[in-house]
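Database features, via TrEMBL:
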SIGNAL    1-15  signal peptide
DOMAIN    61-157  domain 'Ig-like'
DOMAIN    164-259  domain 'Link'
DISULFID  Cys210-Cys231  disulfide bond
DOMAIN    265-354  domain 'Link'
DISULFID  Cys309-Cys330  disulfide bond
Amino acid sequence: LSLLLEATLLQLASGFHHPFYNGFYYNHMMNDNGNGQEKDYFNGARLLVETPKDPIYSLSGANVTLPCHYRYDPDLESKHKIRIKWSKLRDDYTKEKDVLVAVGKTSVAFGDFKGRAHILRASRNEASLVISDVRLQDDGKYRCEVIDGLEDESDVVDLRLQGIVFPYQPPHGQYSLNFHEAKQACQEQGAILATFHQLFQAWSEGLDWCNAGWLADGTVQYPIRLPRKRCGGLHLAPGIRSYGPRHQHLHRFDAFCFSSTLRGEVFYLDNPAGMTLEEAKQSCQDAGAEIASVGHLYSAWKFLGLDRCDAGWLADGSVRYPITKPRANCGPSEPGVRSFGFPSNGRFGVFCYKER
């Protein structure tokens, strides 16, 4: 115990000579003795960083501002340049991804945020982050960190994209995707793997699905609105059933994908004799478009109110149709995207997608 205490004290003592490093170095000022020794600058006021407590909502392709302001108690004006750092957090706060660093009027954005992120210069003590051309993967929590000498304070902003979660099975059947294949499958459908809060939101809006699927954090879960015997049992309350983290290479399930609003339109093409999948792809190309993905169709149904009681090919080889106003001979009594599966043959219309 005494050895442990001694080691702890030594570690604390050494910390006085090496200020905590958080991505920036503290400014050093020469001391008043003029002997060449340095001391850390501290302005004597408490630094406060403030961000909204409610989530900020946006859409794919839009521009969004994540508000962040700082102030001092008592009020004063900083005597040197403030450092601002924005990071994107995992839901469990265990890892950070650098977004942007700014000192004065100079800033540097990193990774996918290069060319899309900058600091809003609207007012004094402004540290808000502007993200342009919002992407699906931008959804999540962001840390706004402000550094003034020894003062280092931060707060978190939650950016949520308005979108739709849909379950996805590939052509080769149920429970055939490992985690990495599930990520790829969603990307091929114009989507990404959903997060837990996106799945929870979809469940609260009515999603009920008994097949387990991968989420972005590597867990496997599924949403149940109507408890039943083969979906966890009648004795369990409605909610999100979880298998917890699974082996990302060995275990195989379906996927829950997330997509947001479209930058174009989805439209239906047909001919009296119907089309094969290859003929359908060519028809879309002839119309100056491409065959729609599953994500395109779900987004058009959710955000544009697409309602069509005619089955059509999609890019993955599935045949589906979207219904916003249920009616006779158009499937169940609830709105949704109906599926005919992956026909090996047959002739149908096609859903095409064209960007504006």
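Each position is counted from 1, following the chain as shown.
Heads up, the Cβ atoms here are built off N, Cα and C, so glycines get one too.
Feature annotations (TrEMBL) mapped to structure.
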residue: Cys210; record: disulfide bond; CB count, 10 Å: 14
residue: Cys231; record: disulfide bond; CB count, 10 Å: 19
residue: Cys309; record: disulfide bond; CB count, 10 Å: 15
residue: Cys330; record: disulfide bond; CB count, 10 Å: 15
Rounded to the nearest Å - Cα separation of Cys210 (disulfide bond) and Cys309 (disulfide bond):
25
C-alpha spacing of Cys330 (disulfide bond) relative to Cys231 (disulfide bond), in angstrom:
26
Could you please provide the mean pLDDT value for the domain 'Link' (265-354)?
97
Which numbers of helix, strand and coil residues does DSSP report for the domain 'Link' (265-354)?
20 helix, 26 strand, 44 coil
